[in-house]
Amino acid sequence: MSRFSKATLAAALAIGLAGGVTGALADGKYSGVGRAATPAEIHAWDIDVRPDFKGLRPGRGSVAQGEEVWEAKCASCHGSFGESNEVHTPLIGGTTKDDIKTGRVASLAKGDAPQRTAIMKVATVSTLFDYINRAMPLTAPKSLSNDEVYGLVAYLLNQAEVVPADFTLSDKNIAEAQARMPNRNGMNTDHGMWPGASAARDGIGNGGKPDVKNTACMSHCKTEVKIASLLPVYAEAAHGNIAEQNRPVGPVRGKDTSGKAAAPAAAAPLSENAAATKLAADNGCMACHGTANKIVGPGYNEVAAKYKGQADAESKLVAKLKAGGQGVWGAIPMPAQTQLKDEDARRLVKWILSGAKAQ
Amino acid sequence: MAEHPTHRGRIRPAPENFLSEADIAAVKEGRRDFLRKALITASAAVAAPGLARAAEGDPNILTLPPWTTSLGQAVAAHPYGLPSQYEKGLQRRESPGLTRMPQVSVAFTPLQGLFGIITPSGLHFERHHQGWSDIDPSRHRLMVHGTDEGFVKQPKVYTMDDILRLPPVSRMHFIECGANTGMEWGNVAVPTVQYSHGMLSCSEFTGVPLRLLLEDCGVDWKKAKYVLAEGADGSSMTRTIPIELVQSDEVLVAYGQNGEMLRPENGYPLRLVVPGVQGVSWVKWLRRIEVGDQPWATKDEAIHYIDLMPDGRHRQYTSTQECKSVITTPSGGQLLLDKGFYNISGLAWSGRGKIKRVDVSTDGGVNWRPARIEGPVLSKCLTRFNIDWAWDGKPAVLQSRAVDETGYVQPAYGQLRAVRGTKSIYHNNAIQSWKVVESGEVSNVQVL
């Protein structure tokens, strides 16, 4: 025991001396707890950048320099232009010259954008700098130099046409870039969901006033119960076998959604789309494909887009389904769907090419 | 009791755990007795030669099972205990297709099978932005400093030895991701309560009030308006926290969860606890607190965790989790085994304080009855409610509606959408509906 504590003490002393940690302890109630932080320690961790650029360290990087780093360290996940949907929602796209003028991304109000990219949402350029600096690239965060981060932000802003191709971003001119951010006027803090002081008291929001008011009516509260939405067939099958996600005893059991259960008694005939949806679920297609997103294989929307207008697509894809294969969408193979009857394979392909609608 | 099937204490997964489509069809045809038959057959199959004895009684009684007639296992066979092998259905799960990388993803808590208000630590939901690590606590540091000199007199570094020396408090609180139920804003998207509401957990947390640490560093309460909390993971997750919550003593720098240290997936060895506020602010693997006077607009308060409104603007710094409730059983994807008595059970919570009342409807919101509130009723904590229900075998729509101590009543989908549209992603606290059909099948539906 005594040897152990001596060793610990020696180690503690060594660390204390090596780090030069001799700052006076705050002489408070909890004496002996904690120690002064050194300036070097604070400098090492205090990397945050605020919207007013407090915390931003001097530096510079051009669009061209940024592009080089981007291609080497970012494009594999986000695409060459920040457009990729592969591992995350796209960073760039969906903003216009007009948005840069107004500072409001118009398609957000119209609701016609296929997806909301980062540049459509973000109001503050500091956010991009701070986040890339602290967290990207995903597998090697905090490996970028300060100037590389300036270059990367410049490159992304250029992709969104916020800055020209010959632009060099620096701590001196970053405010100019801020003044052209496409959604800089797109944030609203007038709501009741900030738990601190209200805007009226130099904080944020309305002081906690809710925006929706229900009343606790107890009887005859309405004349009609309108079911506005039901669970789509594919969503049930896509979440594994629910029977295995419930306890085997008690008042209820989980429903068998394995698709292996006996065929149900003939019900009302399904619409063509509903029948194909069910077929896709029953054949396990939805485990690897989303209707609107990639899972293991491509999203059906991507398949439909790729083969749009190609007359021979249907027979080609039917053959591919039966035989399986790889290389069209990536290195991962699709297993041969040998269980499929020819007419079912054709039905599925037709459905996919027509947009894979549920109903 | 003779009227009721004998589905207790099964040894093996028996066929009745997995109703086939044919069984369901049988119920639809009105052969409601099929279950009882299936159960008796199943029991008989397990405890042969039960068939002959079935008339005399339950073979599980008449033939003593091995655990009654043999020596059991030794103590500490599992030095860290595990749930029964029969409970393996209740696990954290991902929702397929929701995210594209398992390190940047979420695993949902199986609310459909939990009791009371405490979430077992191993079933606490997970949400990571850049994977999780099991951090060596002897190398973990917490730094407290100010944006400038003047916010705190003495910036300090604390080791885990230091933090664990300070006087602790233990408090029970819920944590809910701001995106919980987010997939359902526009329409029904997921089959069960695990996926619709499972970014919700509740634990007893032990730690030191952040106020104590700020005071230990000599904070200037007059200058301080916000703190920034930062994690030690690759994402170094950062969020802005209002100083008023810190001053109220509610915000904890926590290391304990349900009597042991935090689990690595939940922030071992140190996380922030911000009661009533969405999970993303409960920064895990907490390494740094900065005291300042302006919010930071970090990535997760400027690109994500912002709520798109119909006017095309995003609400920023939405943090409070408003009053909400959900029936956890019977719930989506489950099957009621027979007509008769059921206990409808669920959870209610509010980021603004205590739950005052929960009402339950079985007719889609036309008529409501007050549920029994089970104690303890704590501020910003899950509250369990129960209510009796005799199912007559007819279609029903089950709903719960919570009221918190501020008088706020949980809204219906129609009310919420009228103000916020359907694209907000975050902060969906609408009344959840579960439809029950004659076959006993329960499914997720939305009622406006």
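Cβ atoms are placed via backbone N, Cα and C, with glycine included.
Over in TrEMBL, the protein carries these features:
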type: BINDING; residues: A:Cys285, A:His289, A:Met334; note: heme c binding site
type: DOMAIN; residues: A:61-160; note: domain 'Cytochrome c'
type: DOMAIN; residues: A:254-356; note: domain 'Cytochrome c'
type: REGION; residues: A:245-266; note: region 'Disordered'
type: SIGNAL; residues: A:1-26; note: signal peptide
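In the predicted model, residues of the domain 'Cytochrome c' (A:254-356) average a pLDDT of 80. Of all the binding-site residues listed (A:Cys285, A:Met334), A:Cys285 sits in the most crowded Cβ setting, with the most other Cβ atoms within 10 Å. Shown for the domain 'Cytochrome c' (A:254-356): DSSP residue counts in helix, strand and coil, namely 44 helix, 5 strand, 54 coil. Residues A:Cys285, A:His289, A:Met334 are listed as the heme c binders, and the farthest two of them sit 11 Å apart at their Cα atoms. Secondary structure by DSSP for the domain 'Cytochrome c' (A:61-160): 55 helix, 2 strand, 43 coil. Listed in sequence order, A:Ala280, A:Ile295, A:Val296, A:Gly297, A:Pro298, A:Gly299, A:Tyr300 are the same-chain residues six or more apart from A:His289 (heme c binding site) with CB atoms under 8 A from its CB.
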